Amino acid sequence: MSDPKILVALDYHDKNKALELIEQLNPQLCGLKVGKEMFTLFGPSFVKELVDKNYNVFLDLKFHDIPNTVAKACQAAAELGVWMINVHASGGRVMMEKAREALLETDNKPLLIAVTMLTSMNEQVYSELGYERNLADQVSHLAQMTLDSGLDGVVCSSWEAEQLKQQCGKDFKLITPGIRPVGSEQGDQSRIMTPQQAINAGSDYLVIGRPITKADDPYQALCEISESLVS
Ligand SMILES: O=c1ccn([C@@H]2O[C@H](COP(=O)(O)O)[C@@H](O)[C@H]2O)c(=O)[nH]1
């Protein structure tokens, strides 16, 4: 099975627009991420449609609840045949362990990833949360908890990737949103890097949404990013 590094964030309100782009793609070029917007609008059948097209599908629902609820939600997500799912690391060690154990009972065990601190967060917004550690140290702490809980990796920003690769080892997967090719709009993201910089820092998978989906020619934008990674 191919293992493309780019995961296109399908944050569309219009299913046809998403399918229009997907028609031009193939599972060797990219994986697909379905988040809260499309899942809420189009549900499990849309996710299964993408799985049936043989894409690596990252179901990005960021579960964060009591351990039993998260474990059951992870089991339900795994039944869709997706490749990767996620929870919030701040749900705690027991929550993550229960989620991991629940997946052992499924036929198709997806990669289980935990979100550390959202890439939209900067030091100023972060300081409002009242944590004692600084942002980078908090990411490192949550990643260590995730590793110790037996999960497969974390969502973090590429700013933390180099440190986390050293700390958690090469097999611990780093999934980084907040990717912005030169010249693209930053939008609500804070801790950003270009695709090439993120790969050099140690990111395993790049989550890229608007720089592709809002481009005049999304397929062309994706191809240019993809080529920039091999040159
Ligand atoms: O920390 C996080 C976790 C998840 N995301 C998601 O990734 C994409 C990024 O989209 P862009 O349009 O490239 O900004 C989006 O679906 C987020 O929900 C994140 O950005 N940061």
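Each residue, glycine too, has its Cβ placed from N, Cα and C.
Curation plays no part in TrEMBL annotations; they are all automatic predictions.
Look at TrEMBL and you will find 5-225 tagged as domain 'Orotidine 5'-phosphate decarboxylase'. Taken from TrEMBL, the feature substrate binding site applies to D11, K33, 60-69, T119, R180, Q189, 209-210. If you look up TrEMBL, you'll see D60, K62, D65 marked as active site, for OMPdecase activity. Taken from TrEMBL, the feature active site, proton donor applies to K62.
Shown on the structure are the features that TrEMBL records.
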| residue | record | CB count, 10 Å |
| --- | --- | --- |
| D11 | substrate binding site | 17 |
| D60 | active site, for OMPdecase activity | 25 |
| L61 | substrate binding site | 16 |
| K62 | active site, proton donor | 17 |
| H64 | substrate binding site | 18 |
| D65 | active site, for OMPdecase activity | 14 |
| P67 | substrate binding site | 18 |
| T119 | substrate binding site | 24 |
| G209 | substrate binding site | 19 |
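Spacing of G209 (substrate binding site) relative to D60 (active site, for OMPdecase activity) is 13 Å (Cα to Cα, whole number). D11 (substrate binding site) and the residue listed as 'active site, proton donor' have their C-alpha atoms 15 Å apart, to the nearest angstrom. Looking only at the domain 'Orotidine 5'-phosphate decarboxylase' (5-225), the predicted model's pLDDT averages out at 98. T119 (substrate binding site) sits 14 Å from D60 (active site, for OMPdecase activity), taking the C-alpha atoms as the reference points.
In the three-state DSSP scheme, H64 (substrate binding site) is classed as coil. For ligand 1, the binding-site residues lying close by, meaning a CB under 6 A from one of its atoms, are D11, T119, G209; the full candidate list was D11, L61, T119, G209.
Reduced to three states, the DSSP call for G209 (substrate binding site) is coil.
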